[in-house]
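Take a look at the structure below.
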Amino acid sequence: MFLTNTLGKKKEKFVPINSDKVGIYSCGPTVYRDIHIGNLRTYLSADILKRVLTYNGYKVYHVKNITDVGHMRTDPATSGPRGAGEEAAIDPIIDEALKQGKTPQEVASEYTKKFLDDEKVLNIIPANVFPKATEHISEMIELTKQLLEKGFAYETRGTIYFDVKRFADYGKLSGNTLDKMDKLLGAVRVATETDKKDSIDFALWKKAQNDRSLKWDSPWGEGFPGWHIECSAMSLKYLTDAFKDGEFNHEQSRRIDIHTGGEDNIFPHHEDEIAQSEAATGEKVVNYWLHAGFLLVDGKKMARREGNVYTVSDLVKKSFNPLAFRYLTLTTHYRSRLNFTWDSLKAAETALNNLYRELTGYVTNGEVTSVNSDFEKKFVDAVNNDLDTPAALTLVWDLVRSNMPVGEKAATLYKFDEVLGLDLEKVAEEAAEVPEEVKKLIEQREEAWKKGDFSESDKLRNEIKGKGYEVVDTPEGQKLKKVVS
């Protein structure tokens, strides 16, 4: 199995830390509003990764965090790649709570549930654990203390900053090396965060204003965590033994197999995670970094000011099957940018319905038998080649057009769907349950055909069609297909 590792910027053979187990950490949502289909494209990519690993026989332990504090939002007109100063930053969860007259916890809980509901309708297999940032403050404080003790961080009036220039490997993921960072951020943050040693430093722990609702006691006074430290702490807690005894112990830590996210996470979020985690542990923490490409809408980046930000609810309101969006994401390689249009979604739904219709015909007219080994080998080769789902879908349609027995086709497609996640077996089996009245009409039509009463045969064909089934006459006899709208 080969994966493109953002860290090495090349396709590499996947070698797990343990021979039969794989640990994955995925950056989850900030829960203050409905997540959009661009976010979901990233989570669908991670789902395909997990399904392919499982298909290959690995036991996967998947961690996907819930950011319910600390992911500060800034004014894009005044912020640089790291955003503006603390005084200009807004916690979107607190902001949304004030707008709705709710507590931040109520807002986070509401949108966490909606996020999980969206994942469910898209057949995204749930992570083993969804750790919440607010429930892991102690680990974040411990990790920050470790960075202070090792000289990678410093305190200024209750706020703790990571000293980026102390970490020599900074920039190895994104290419934003220290000399580039000086030019990139040098003029942006000096005026707004004068307490920092350098404009490129970032906050691990931030001092809270007196009226802030989400804040915790710490050795440096009341405050709240930075976004980047949250993921370092939770990934180390759940996928290594670094917090085995409650306190941070870098000698107990070990590596994490895979870390996933969107390409927008590469910098600064994942670059900063690497700096924190490796500075604290003294070793490389994540072996493989995988990033999904952006989802564009009509060729443009999604933006609320453009009015082109869509959610699963928007798809459903337009009467689309959410799995049509899943199918659409499979048509483009996960690392490539996916251009979403309503026409492309309609085409994906048409293709998916055609696949359902074909498969229903197979199941209706024969027993599901065995998987075709030649097609399965080609399928495995495709998905093991950096999760090449477009090639996998091509094989699906090659199989449909092949002349292999229908029972073998059905069995092979069911097997493929362990990776594709399109509900093929569920839809086909439900549709293949032919009502007794339709079975009787088929028998009557068979008798009419044998007697040469073609007028009656055509009449019965139309009656059967009115009940949702299409009759196809073949040399082997009548075949039924469920009409899929």
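Backbone N, Cα and C define each Cβ position, glycine as well.
Automatic prediction, not curation, is the source of TrEMBL annotations.
The motif ''HIGH' region' annotation in TrEMBL falls on one of the ranges 29-39, 359-369, 381-391, namely 29-39. When pLDDT values are averaged over the domain 'tRNA synthetases class I catalytic' (91-348), the model yields 92. Non-local contacts of E273 (Zn(2+) binding site) by the CB criterion (under 8 A, 6+ apart in sequence, same chain) comprise H228, C231, S232, S235, H259.
Within its own chain, the motif ''HIGH' region' (29-39) is flanked in space by residues 66-68, 71, 92-93, 95-96, 107-108, 110-112, 114-115, 118, 262, 294-295, 302, 309-313, 315, 325, 340, which lie at least six positions past its ends and keep a Cβ under 8 Å from the stretch. Ranking the binding-site residues C27, C231 by how many Cβ atoms sit within 10 Å of each one's Cβ puts C231 at the top. Report note: the Zn(2+) site is defined by C27, C231, H269, E273, and the residues of the same chain whose CB lies within 8 Å of the CB centroid of those residues, excluding them, are W227, H228, E230, S232, H259, G261, N265, H270, D272.
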